[in-house]
């Protein structure tokens, strides 16, 4: 009976979380990203502890510096690269369009090319305006992400000490449920660190081999954005394709696309099934479907909460429906 009541409490917290995610997507997404970031810092610190024994706090400090510098480097370089390369792309499009005007081509084809060029320009301008409009929200979210990343360990300790308020009928059972769920999520993020390293190295070396500028930045960006399931490749694709096009023209678009597709397929068919699916003991296709469903329901935030939601749901079913 006590476990049954805990089941209701757990379900209530899940519903409350989803409602808040729908009503306040920026805040909840920022909190989840802060949680991701905290776990990443923990894993990097554990790795550094193998080589740095004393002082004990040093690996944690270095881990914080490395992770935040990586994110800052990617973020600071992202928009300047986009703006600079967009100008080159527009110039190239104008040059091609001017060249086509001197060629005797059918009127309908000329009209189509002009429409494509105009649509591309309008779409780019609209995207820039949307990004500018979201800047205040992005700043708030960034501050919240950093704060969350630093206080997660304190929050874990606080929840552990006050779990009897969350599950008053059977605190030990509730504590076991929360611990199992968080540990599995922690293992998943740890696995994602390995996947992201492989993807970042693949993209960075691919760009270097094909002489695409800013190969180091592209590799770092691919590493950072890989923590956004399935959408990260889209984010890293924008500067990669722009840089490839500005240097190699249309053949550069083909080269950039091949690098991105190869990295995506490597992750989807080799790395994710071996590392992530085995970590969660859930088939990768179920993970993909869950990401797509919650992404459709909660937009970008849904992509990030999909994995915590799936882990919570799996443990809820195992512990409270099937009886452990």
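Cβ coordinates are placed from backbone N, Cα and C, and glycine is handled just like the others.
Looking at 159-179, 285-305, the range annotated in Swiss-Prot as transmembrane segment turns out to be 285-305. Among the ranges 12-32, 33-53, the stretch that Swiss-Prot annotates as transmembrane segment is 12-32. By the Cβ criterion (under 8 Å, sequence separation of 6 or more), the transmembrane segment (190-210) is in contact with the transmembrane segment (227-247), since 3+ such pairs are found.
Packing against the transmembrane segment (227-247) from elsewhere in the chain are residues 36, 40, 78, 81-82, 85-86, 88-89, 92, 189, 192, 196, 203, 207, 210-214, 217-218, 221, 253, 255-257, 259-260, 263-264, 287-288, 291, 295, 300, 303-304, 306-307: each is 6 or more residues past its ends and has a CB under 8 Å from a CB in it.
Long-range Cβ contacts of the transmembrane segment (62-82) within its own chain (Cβ-Cβ under 8 Å, at least 6 residues beyond either end) map to 37, 40-42, 44-45, 48, 52, 146, 214, 217, 220-221, 223-225, 238-239, 242-243.
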